[in-house]
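Chemist: What follows is a structure written as structure tokens; I'll ask about it next.
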Ligand code: ADP
Ligand code: TMP
Ligand code: MG
Ligand code: ZN
């Protein structure tokens, strides 16, 4: 049997990862091919049971807590599997995906490559190694307006590295603006500390 392929879409917030994932869903939908879409249940930002982009395109999806739930939900006739927000799914996802590909199922995944602290998300990094195609998206930098946004910046003071949100908490910026914003934030923190003592 012909193997399936793994396509991985990565980038910062607002870079169009979910929109691109949904454009692949449409290809299978138009081709009348069976597929299923999944998302981590932790992602309840816009909807619990739909994958939703920032401009409100959406597709019905199964919320999962563990990657092995995917096997239980599949009926055996699917030609493709779609998974959004993979950064929130455990690293075991890799074994599930390799098994699906082996069975001839195409797998399309999207998720953040980096946290706002500039740390990698391990599941995304691992899947980059196995992917047949990695699509790295960019956002428009919120600060300088250039189409060079590669990292997300958290605008509220709360260090949680896993923290569901959108425009209320995060912007996308380029490398230089990320540096400037972090330096400014450090300076402001110093001033506040000096005021305290
Ligand atoms: P992601 O899943 O990567 O966060 P989405 O596919 O959900 O991205 O949303 C992409 C859409 O977000 C764009 O088509 C655009 O309408 C909107 N958007 C808002 N802010 C930005 C930005 N700074 N750069 C690019 N697109 C943005
Ligand atoms: P998005 O890439 O589709 O915009 O969604 C990213 C989700 O990840 C969103 O709910 C915010 C969350 N997030 C974190 O939990 N930690 C982070 O460091 C960043 C950048 C986003
Ligand atoms: Mg998204
Ligand atoms: Zn910039």
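Heads up, the Cβ atoms here are built off N, Cα and C, so glycines get one too.
Here TrEMBL flags 85 as active site, proton acceptor. Residues or ranges marked as ATP binding site in TrEMBL: 11, 12, 13, 14, 15, 16, 17, 18, 84, 85, 86, 87. Taken from TrEMBL, the feature Zn(2+) binding site applies to 141, 144, 174, 177. Residues or ranges marked as substrate binding site in TrEMBL: 162, 163, 164, 165, 170.
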Chemist: Report the nearest neighbour of residue 11 (ATP binding site) in space among the binding-site residues 163, 165, 170, 177, comparing Cα positions.
Modeler: 170
Chemist: Quick check on the recorded positions: of 84, 85, 163, whose CB has the lowest count of neighbouring CB atoms inside 10 Å?
Modeler: 163
Chemist: Near the Cβ of residue 177 (Zn(2+) binding site), how many other Cβ atoms are there if near means within 10 Å?
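Modeler: Taking every protein chain into account, the count is 21.
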Chemist: Cβ-Cβ under 8 Å from residue 162 (substrate binding site), same chain, 6 or more residues apart: which ones?
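Modeler: Counting only residues 6 or more apart in sequence, the Cβ neighbours of residue 162 (substrate binding site) under 8 Å are 42, 88.
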Chemist: Those binding-site residues, 84, 86, 174: which ones have a Cβ sitting under 6 Å from ligand 2?
Modeler: none
Chemist: Near ligand 4, which of the binding-site residues 11, 15, 84, 165 have CB less than 6 Å from any of its atoms?
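Modeler: Within range of ligand 4: none.
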Chemist: Around residue 13 (ATP binding site), which residues of its chain at least 6 apart sit with Cβ under 8 Å of its Cβ?
Modeler: 112, 139, 152, 166, 170, 171, 172
Chemist: Among 85, 141, 144, 162, 163, 164, please name the recorded positions whose Cβ is nearer than 6 Å to ligand 1.
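Modeler: With ligand 1 as the reference and 6 Å as the Cβ limit, the list is empty: none.
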Chemist: Neighbourhood of the substrate site (162, 163, 164, 165, 170): other residues with Cβ within 8 Å of the Cβ centroid, in order?
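Modeler: Sorted by sequence, the hits are 154, 160, 169.
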